[in-house]
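J.: Dropping the structure in here first, questions after.
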Amino acid sequence: MENVITNNNKGLPKSILKFIPEPIQPLFENPFFSAGFGLIGVGSILAMGRKGFQQAMIQSRRYFFVSVEVPSKDKSFHWLMEWLATKKNKNTRHVSVETTFHQHESGDIVSRINFVPSVGTHYVFYRGRVIKVERSREKNVIDMNSGNLWESITLTTLGTGRQVFQNLIEEAKEMALEKEEGKTLIYTSMGTDWRRFGHPRRKRPISSVILDKGKSELIIQDVKKFLNNSDWYNDRGIPYRRGYLLYGPPGTGKSSFITALAGELQLSICILNLAGKSVSDTSLNQLLATAPQRSIILLEDIDSAIQTGNHDLSAKSNSANAPSISSGGLQYQGYYGNPSVSSGGSALTFSGLLNALDGVAASEGRILFMTTNHLEKLDKVLIRPGRVDLQIEIGLCSSYQMEQMFLKFYPTDFDLAKQFVEKLENYKFSPAQLQAYFMTYSNNSIEAINNLNELIKK
């Protein structure tokens, strides 16, 4: 009996001990040590098995599943969010709320609440396939361009081809563009990125902005010619970009015409504020290079952003006439030298602006419009050909404009329109002044003629 008990308390069998070096065999003959060794061995085997299973799952996912990640910085992220909002899944328990705005033809703006998948994992069906949707958000990472937390959406499905995702994103894009059809999109600069500003606006009819005879047609035809002749520019090695300057007194319709032009040619408008604190030489180049396709880049009131003092371009600058930057924008007082940055001002230099417009790194495929109330304040180097290719004066109303504006409000009163022009032939008014006057007598053309003294006194 004792022999049996002793043999049962032995460690590893001799058939296994013979493979272990003799100096450490006594350790394995100890039953407690051998039991611990066995547990370690079993644990190691289980750990290896688990790791192998994980690797097998990773490999199988690589071979049998296809995924695509869409970061929040990309436009398609917002297309996908709108598309997912249309997928009514009753089983989805965790959603986020997004409010969008829509403008009716009447001009009324209504809000709409969309429920989109919140952060986490969700499933949707698309063309007979199950799509796994993983929305993630980095709590400590902020997109410096938008100021929002960094997000991404990862789509995963069974298969090896990416065509399903291409079709899905294309469908989401078409759905988003359909909502914008017939609208003018406005973008504003944010850091080095463009962000949508407000809601899409109804297109403004080009006929609603009355310029002097022939000027509207001239600009429209010039922009159309540019848009349709990219090959002509490339074949001749000419940079494919076009610059326009509209100058004239306030209230003459410069910005209004650009808005109507964008609607007429189905273009977006990108408003660039040069006096912004975040605008630098580098960010300006980035903004011009990444502007949305088929868009007008608008520099409004360029004279306010760039205040030019009296200086001799042929003279070398010194500390007294070196260009500097004020909190109101870029103040240029000399042609040579580099501007210095004052606290609270823009980090943009005058030379940086010139290089961004037509330097080596200047972007192509670009339509740039500048407006100014004071042409005399602009430096000639800024508006020379190559930077500004067409300058158009948008002045106070001519007789033609007065008559056309009268007929716009009173379409059938041709005789009264001529009387209106004759009575005001010795006076000058801006279109904004005339429009405000006509709106006072919007339904009575006779009163509009009889009360002209009100307009003249103003």
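Cβ coordinates are placed from backbone N, Cα and C, and glycine is handled just like the others.
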J.: Quick one: which of 27-47, 405-425 does Swiss-Prot have down as transmembrane segment?
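T.: Checking Swiss-Prot against the ranges 27-47, 405-425, the transmembrane segment one is 27-47.
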J.: What's the most sparsely packed of the binding-site residues Gly248, Pro249, Pro250, Gly253, counting other C-beta atoms within 10 A?
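T.: Result for the binding-site residues Gly248, Pro249, Pro250, Gly253: minimum number of other Cβ atoms within 10 Å at Pro250.
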J.: As a test of reading the model: what is the averaged pLDDT for the topological domain 'Mitochondrial matrix' (48-458)?
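T.: That region's mean pLDDT is 81.
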J.: Using Cβ atoms only, which residues of the same chain lie under 8 Å from Ser255 (ATP binding site) while being at least 6 residues apart in sequence?
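T.: Those within reach of Ser255 (ATP binding site), by Cβ under 8 Å and sequence separation of 6 or more, are Leu298, Glu300, Thr371.
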J.: In sequence order, which same-chain residues at least six apart have a C-beta under 8 angstroms from Gly251 (ATP binding site)?
T.: Ser430, Pro431, Ala432, Gln433
J.: Under a three-state reading of DSSP, tell me whether Gly251 (ATP binding site) is helix, strand or coil.
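T.: Once the DSSP labels are grouped into three classes, Gly251 (ATP binding site) ends up as coil.
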